[in-house]
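According to TrEMBL, the protein has these features:
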DOMAIN    76-187  domain '3-dehydroquinate synthase N-terminal'
BINDING   80-85, 114-118, 138-139, LYS151, LYS160  NAD(+) binding site
DOMAIN    190-338  domain '3-dehydroquinate synthase C-terminal'
BINDING   GLU193, HIS262, HIS278  Zn(2+) binding site
Amino acid sequence: MTTDPVTGTTRLHVGGAAPYDVLVGHGLTGTLLAGLPAMLGEDAQRVAVIHPRTLVARATALREALLREGYDARTIEVPDGEAAKQAEVAAFCWSVLGEAGFTRSDAVITLGGGATTDLGGFVAATWLRGVRVVHVPTTLLAMVDAAVGGKTGINTAAGKNLVGSFHEPAGVLCDLESLTTLPHNELVSGLAEVVKCGFIADPRILELVEADPGAATDPTSPELRELVVRGIQVKIDVVVDDLRETGGSGGHPGREALNYGHTLGHAIERAEDYRFRHGAAVAIGMRYVAEVARLAGRLDDETADRHERVLDLVGLPTGYRADRWDELHAAMKVDKKSRGNTLRFVVLDGLARPTVLAGPDEELLRTAYERIGTPAQSR
Ligand SMILES: NC(=O)c1ccc[n+]([C@@H]2O[C@H](COP(=O)([O-])OP(=O)(O)OC[C@H]3O[C@@H](n4cnc5c(N)ncnc54)[C@H](O)[C@@H]3O)[C@@H](O)[C@H]2O)c1
Ligand SMILES: O=C(O)C(=O)C[C@@H](O)[C@H](O)[C@H](O)COP(=O)(O)O
Ligand SMILES: [Zn+2]
């Protein structure tokens, strides 16, 4: 990782078979334009900017800048948030690329949150079996997580992210200016993934949040910038070792570690018909799986209790409807970590020691849920 002393832009390198850089800085449009041929590919002529309605002004400005650079540029507006992650929306994007005559040397830019980078990444992965994609994440969550590592996907009636592919971007540009227009609850949602990185790999993240939760939720603070860079670094370290989630080595679960809190989290999102923020659902999922690990005799009380404390400090939820266990339990069975009828959870053996717990006792799972269940009136 390097930081340019003049511009202050931090560059993190993602190694592997298709290496790329993640840039974190302020006002990065100029950087994007300066680095375009390298990122979009020397031969790219056509570029499509996929974005939600909320970012139409920024997408239009980017398109105009691309036109000035000589690209045949267009914008593709997709539904906001999770509504973008549907087969019909991918099909709409494919039709636009088809009408515009997109070839294998042309490229996609995604501009938006994780829902947009997941959908746009999937469109780029599948059009002609793969064209280049550059992500310009505009939410905290997308910067620290969704835009890095190449997981793309859409939802189906059966569950979250059940169709997708691994398709690494050619570059990622995190413009911290974007965070100043982000609603506070969206920023807090992104912090859940940052806190996740703290529990699975980098405890300094937890210390920073605990020391000053106000700074951690202030889009202009140096603390948040450090949290962004640390979160991205954790993600890079994990994915370079196990891009396709085939497993880690030396007892480490590999990429599955990044799924900490997601087994229950995804089930909650589905139960809420995807109207619940991803980060909020993952926060509840982390608190739950800390209770699972405690009950299984794997996690010490101090680390288990720390989950509720740190998540609470930044305003993330740590409980969910007590009456929903049966539905959530059923939904967890289609989690990608499941093998046959065996549910598998990422748990901690201790701080920054993730591991997989396969086939835990059903009573244990229910008891852990009773500990986080909230009565109807507190919702
Ligand atoms: N592929 C991965 O590795 C990965 C990792 C984590 C999460 N995800 C996925 O990411 C999605 C969640 O992403 P998210 O939390 O970014 O949600 P999101 O994409 O729905 O964005 C949240 C909201 O913020 C708005 N928005 C975006 N940028 C803005 C800005 N700068 N200013 C004002 N408003 C802005 C969006 O229009 C939307 O309404 C989920 O679908 C999740 O499954 C994927
Ligand atoms: O990058 C990963 O790997 C992750 O698991 C990161 C998660 O934060 C992210 O929500 C991811 O989309 C979940 O993946 P899935 O395979 O469980 O759908
Ligand atoms: Zn996630």
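Glycine residues also receive a Cβ, built from the backbone N, Cα and C atoms like all the rest.
A 10 Å cutoff on Cβ-Cβ distances gives GLU193 (Zn(2+) binding site) a total of 27 other Cβ atoms nearby, all chains included.
Within the set of binding-site residues ASP80, THR116, HIS262, HIS262 have a CB atom less than 6 Å from some atom of ligand 2. With respect to ligand 1, the binding-site residues ASP80, ALA84, GLY114, ASP118, THR139, HIS278 contribute ASP80, GLY114, ASP118, THR139, HIS278 as residues with a C-beta closer than 6 angstroms to one of its atoms, given in sequence order.
Sequence-distant neighbours of GLY114 (NAD(+) binding site) (same chain, six or more apart, CB under 8 Å from its CB) are PRO137, THR139, LEU141, ALA142, ASP145, ALA146, ALA147, HIS278, listed in sequence order. Summary for the binding-site residues THR116, THR139: the Cβ-based neighbour count within 10 Å is maximal at THR116. Cβ contacts within 10 Å of HIS278 (Zn(2+) binding site), excluding its own Cβ and spanning all protein chains shown: 27.
Look at the binding-site residues ASP80, GLU82, ASP118 and count other Cβ atoms within 10 Å of each Cβ; ASP80 has the fewest. Confidence for the domain '3-dehydroquinate synthase C-terminal' (190-338), expressed as mean pLDDT, is 97. For the domain '3-dehydroquinate synthase N-terminal' (76-187), the DSSP-based tally of helix, strand and coil residues reads 51 helix, 34 strand, 27 coil.
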